[in-house]
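Some notes on the structure that comes next.
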Amino acid sequence: MMSIKEITLLSLLTTILFVQEQILLFVPNVQLTVFLIVLYTRLLTFKQVSIIVFIYVLLDNLVMGSLSLMYTPAMLIAWMLIPVFLNTILKKLESDVSLALFGFLFGIIYGLILMVGTIIVTRVPVIPYLLADLPFQAIMAFTNLLTILYLYRPLHQFLETKIRRYGIRQS
């Protein structure tokens, strides 16, 4: 069972994750979502990050009006890949540079995962869709690379100190 401190922390981190995306909506594919999920994955348990991701995806889809079989499962799968990969096959990935490269690659993977559902439902041809989406995938990939490269270490140290201070379970 989670403590009140843990529930409060997860609520705050989920709120940060959701609000930053809403604030940055006016700039296509520029967001701190990948950076924050990577950061949370390195600081919290898999269960804690899974709760944050699930609530975030649900909130995002409810607010944006995209709660559907086309987007919601794809988004949940895509965002959950970060904690799954970073807790299993990429567990030893710790340096800022390697995490930034992972973020870059994830920006492309995320776009491809969402593309599958969109193509199935809308029946848009693959090549034109991919070509139209490529600039947006590139924006997301480079945003991930830069935010992780420059913000990961200082925020990791800051949050780790706070989490330890309040005695909350970590990864």
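Any Cβ shown, glycine's included, is placed from N, Cα and C.
Quick look at what TrEMBL annotates:
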TRANSMEM  34-59  transmembrane segment
TRANSMEM  71-90  transmembrane segment
TRANSMEM  97-122  transmembrane segment
TRANSMEM  134-152  transmembrane segment
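Only pairs six or more apart in sequence are counted, and the transmembrane segment (134-152) with the transmembrane segment (34-59) gives three or more Cβ pairs under 8 Å, enough to call it a contact. Panel annotation: around the transmembrane segment (71-90), residues 33-34, 37-38, 40-42, 46, 49-50, 53-54, 56-58, 60-61, 102, 106, 109-110, 113-114, 116-117, 171 of the same chain, lying at least six beyond its termini, place a Cβ under 8 Å from a Cβ of the stretch.
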